[in-house]
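Reviewing the structure listed below.
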Amino acid sequence: MAEKKTILRALAGETLPVPPIWMMRQAGRYLPEYRATRAKAGDFLSLCYNPELATEVTLQPIRRFGFDAAILFADILLVPQALGADLWFVTGEGPRLSTIRNAQDMAQLRDAGDVHDTLAPIYQTLRNLTTALPPEVTLIGFAGAPWTVATYMTAGRGTPDQGPAHALKDGAPEVFDALIARLTEATIEYLSAQIEAGAEVVKLFDSWAGSLKGADFERYAVEPTRQIIAALKTRHPDTPVIAFPREAGENYVGFAKRTGADCVALDNSVAPDWAARHVQVEGCVQGNLASSHMVTGGKALVREARAIVESFSGGPHIFNLGHGITPDADPANVQLMIDTVRGG
Ligand SMILES: Cc1c2[nH]c(c1CCC(=O)O)Cc1[nH]c(c(CCC(=O)O)c1C)Cc1[nH]c(c(CCC(=O)O)c1C)Cc1[nH]c(c(C)c1CCC(=O)O)C2
């Protein structure tokens with residue numbers, strides 16, 4: 001049998017001499033070949049639901065850079081759409097959705113078990129990738145964590161402070177809790193189906209976890225993640241889970257233990273040496289170079305990438321950015337990051 005893939009070794013707790021590397025949003029607008037395929041698809045959602053073209057854009061950064069992992073091309077907001085919400089993207093602005101504000105809105109949503117019809121093309125993309133990817137590359141599936149997806153469903157768009165989600169959570173907790181419960185169940189369904197279609201690892205994006213404090217963090221970031229991971233581990237005990245409670249700060253400490261995650265992804269607001277002492281002691285970590293270095297490049301990129309590798313060299317580590325790469329990034333800086341991590 002071929003040697004186990006590097007990402008899977010790190011996720012199993014192995015300390016590797018060179019950390020495996022991939023990048024959030026590695027298939028994206030900073031790549032000319034992505035922009036060309038997206039133009040062919042027409043728009044972003046058509047690209048997500050077209051298995052042939054979604055497979056193509058997932059492969060593009062693997063061909064160009066030889067990353068150790070490929071992440072499924074899709075979006076966290078496909079789950080609300082599969083539950084019956086309207087979803088569209090306004091060019092240059094971002095997503096728009098129909099909103100959930102009360103029990104009547106909740107009653108319009110489909111059951112969690114009914115998401116698969118809408119999401120079937122996503123599973124087909126994963127099946128395509130299981131044969132299209134080079135054998136050493138790990139295939140990562142993903143979903144949004146319930147809190148983060150709920151912030152978009154309550155506001156109908158992205159918000160700087162997640163105000164509408166906090167308002168519903170505090171003003172009509174029974175409605176908000178029902179929404180979180182529905183999303184938790186739907187996410188279990190969705191990720192199980194992704195694993196059955198070929199995802200070897202799954203990642204939960206909780207991009208707005210940082211706006212939850214104290215007991216709210218426990219209730220809406222830790223608990224849904226714990227439930228999702230527990231259910232996935234029952235059905236698919238060998239599939240590792242990466243959790244990304246972005247900007248959790250001090251709440252990164254103990255997050256893996258409390259949720260059962262095999263790896264915690266770190267944003268770039270936490271210092272690597274601090275995270276090595278307080279988070280990596282509990283298992284694999286992923287991260288955490290500021291994505292701005294993909295725009296600015298140069299000596300600062302090299303210095304910072306080396307410092308991250310060095311800080312995490314005593315334990316299991318997957319190199320990544322602290323957040324998704326931005327459209328204004330230069331692909332040459334991505335290559336410089338990879339060369340620095342792999343070449344010292
Ligand atoms: C909050 C969130 C979303 N989507 C996602 C998150 C969580 C991670 C994060 O915080 O970035 C996650 C996501 N979105 C996308 C992926 C694909 C896999 C990857 O390459 O990482 C993943 C994992 C593709 C995408 N999702 C989106 C794009 C850009 C769409 C385009 O081509 O125009 C891509 C490649 C669009 C998107 N999708 C979303 C927003 C707010 C936007 C608009 C912002 C923007 O335009 O960059 C919702």
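Glycine residues also receive a Cβ, built from the backbone N, Cα and C atoms like all the rest.
Curation plays no part in TrEMBL annotations; they are all automatic predictions.
As the structure is a computational prediction, the values presented were derived from the model and not from experiment.
What TrEMBL records for Arg25, Gln26, Ala27, Gly28, Arg29, Asp75, Tyr152, Ser207, His323 is substrate binding site. For Arg25 (substrate binding site), the same-chain residues 6+ apart in sequence whose C-beta sits under 8 angstroms from its C-beta are Gly324, Ile325, Thr326.
Sequence-distant contacts of the domain 'Uroporphyrinogen decarboxylase (URO-D)' (20-29) (same chain, at least 6 residues past either end, Cβ-Cβ under 8 Å): 6-7, 9-10, 35, 38, 57-58, 60-61, 65, 67-71, 73, 138, 140, 291, 318-321, 323-327, 334, 337-338, 341-342. For 20-29 (among others), the entry in TrEMBL reads domain 'Uroporphyrinogen decarboxylase (URO-D)'.
Beyond the domain 'Uroporphyrinogen decarboxylase (URO-D)' (140-156), the same-chain residues lying 6 or more positions past its ends with a Cβ under 8 Å from any Cβ of the stretch are 7, 22, 69-72, 74, 76-77, 79-80, 85, 95-101, 126, 162-165, 167-168, 176, 179-180, 183-184, 187, 190-191, 194-195, 197, 199-209, 211-212, 220-221, 224-225, 228, 242-245. What TrEMBL records for 140-156 (among others) is domain 'Uroporphyrinogen decarboxylase (URO-D)'.
Residues or ranges marked as site 'Transition state stabilizer' in TrEMBL: Asp75. In the three-state DSSP assignment, the secondary structure recorded for Asp75 (site 'Transition state stabilizer') is coil.
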Quick one: Cα separation, His323 (substrate binding site) versus Asp75 (site 'Transition state stabilizer'), in Å?
15
Counting every protein chain present, what is the number of Cβ atoms, excluding its own, within 10 Å of the Cβ of Tyr152 (substrate binding site)?
28
In the chain carrying Asp75 (site 'Transition state stabilizer'), residues 6 or more apart in sequence that have Cβ under 8 angstroms from it:
Phe44, Leu45, Cys48, Pro95
May I have the DSSP-based helix, strand and coil counts for the residues of the domain 'Uroporphyrinogen decarboxylase (URO-D)' (140-156)?
10 helix, 5 strand, 2 coil
Which Cβ among the binding-site residues (Arg29, His323) has the fewest C-beta neighbours inside 10 Å?
Arg29
